[in-house]
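Structure first, commentary second.
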Amino acid sequence: MGKQKIIVFSGAGVSAESGLGTFRDSGGLWEKYNIEEVATPEAWNKNPEMVTEFYNMRRKQCYESKPNAAHFAIAKLEEKFNVEVITQNIDDLHERGGSSKVIHLHGEISKVKSSGPNAEKKYFHQKNWEVKIGDKCEEGYQMRPHVVWFGEAVPMIDEAISRINSADIVIVVGTSLNVYPAAGILNYAPHNAKYYLIDPSEVSVPSYFNVIRDSASKGVPELVEKLLK
Ligand code: APR
């Protein structure tokens, strides 16, 4: 019998204790900025400086942050399980915490790509935190964050669905499950899988979820401890 498969589906809450803001909690990012001004293709066309600045600030925070106990515990699961992380986060804390298989549904802040047509495949690692207006691709288009803006396609969604549909265990941590198609991948997990939700606040999930009402840095290591026994 091969190793059991665990899918971890994470959102901003798993990185909250690393100092990176969530979106819809009180004080969250969408309270300070409105999405239409910083996270849509229209925002980019209208004010690329503001959008570049917004992601520079988030990239700087990400590069200065560190994985927390939840990221490390998720990586530890790989000792005994076949683990794949499907995250909505654009930070690289799962990778830096040691996870070896991570799918970023909403892109990666550590990568930039051309804002020109069909630039999807050509993206580059952004070494330092600051992208400047004037950083252009070889066709002369301004470089933009390799992130999925509202209204843009989610290229990795089919890959994520094909991964979750053979899960034995699904662990959902740090997401309000408000955003689609990302949140919809849970509908493709096997109904006989075991489901866990780790979140300090009320998130509506079906009754077959084992709900752990706790922060990620406490709840995840405790669950991982149990699963590794
Ligand atoms: N530990 C675990 N969960 C936490 C913690 C914590 N310390 N702090 C907050 N949370 C939970 C909140 O209770 C909430 O359920 O994390 C969740 C954060 O929800 P959102 O802010 O909506 O973030 P997320 O679900 O990741 O948003 C999805 O929306 O804005 C877009 O593209 C963006 O990927 C993002 C997507």
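Glycine is no exception: its Cβ is also placed from the backbone N, Cα and C atoms.
What TrEMBL annotates here:
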DOMAIN    1-229  domain 'Deacetylase sirtuin-type'
BINDING   11-30, 88-91, 174-176, ALA216  NAD(+) binding site
BINDING   TYR55, ARG58  substrate binding site
ACT_SITE  HIS106  active site, proton acceptor
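Feature map: TrEMBL annotations on the structure.
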residue : record                       : DSSP class
GLY11   : NAD(+) binding site          : coil
GLY19   : NAD(+) binding site          : coil
GLY27   : NAD(+) binding site          : coil
TYR55   : substrate binding site       : helix
GLN88   : NAD(+) binding site          : coil
HIS106  : active site, proton acceptor : coil
GLY174  : NAD(+) binding site          : coil
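Within its own chain, GLY19 (NAD(+) binding site) has GLN61, GLU64, SER65 as residues 6 or more apart in sequence whose C-beta sits under 8 angstroms from its own. Counting only the Cα atoms, the space from GLY27 (NAD(+) binding site) to the residue listed as 'active site, proton acceptor' is about 21 angstrom. Geometry remark: the residue listed as 'active site, proton acceptor' versus GLN88 (NAD(+) binding site), CA distance 5 Å. Taking all protein chains in view, 22 other C-beta atoms sit within 10 angstroms of the C-beta of GLN88 (NAD(+) binding site). Least crowded of the binding-site residues (GLY11, GLY27, GLY174), judged by neighbouring Cβ atoms within 10 Å of its own Cβ: GLY27. Among the binding-site residues PHE23, GLY27, TYR55, GLN88, residues whose Cβ is positioned under 6 Å from ligand 1 are identified as PHE23, GLN88. Cβ neighbour count for TYR55 (substrate binding site): 22 (other Cβ atoms within 10 Å of its Cβ, all protein chains included). Non-local neighbourhood of PHE23 (NAD(+) binding site): ALA12, LEU29, TRP30, SER176, each in the same chain, at least six residues away, with C-beta under 8 Å from its C-beta. Across the domain 'Deacetylase sirtuin-type' (1-229), the model assigns an average pLDDT of 96.
Around SER15 (NAD(+) binding site), the same-chain residues at least 6 positions away in sequence with a Cβ under 8 Å from its Cβ are SER65, ASN68, HIS71, ASN89, ASP91, LEU93, GLY174.
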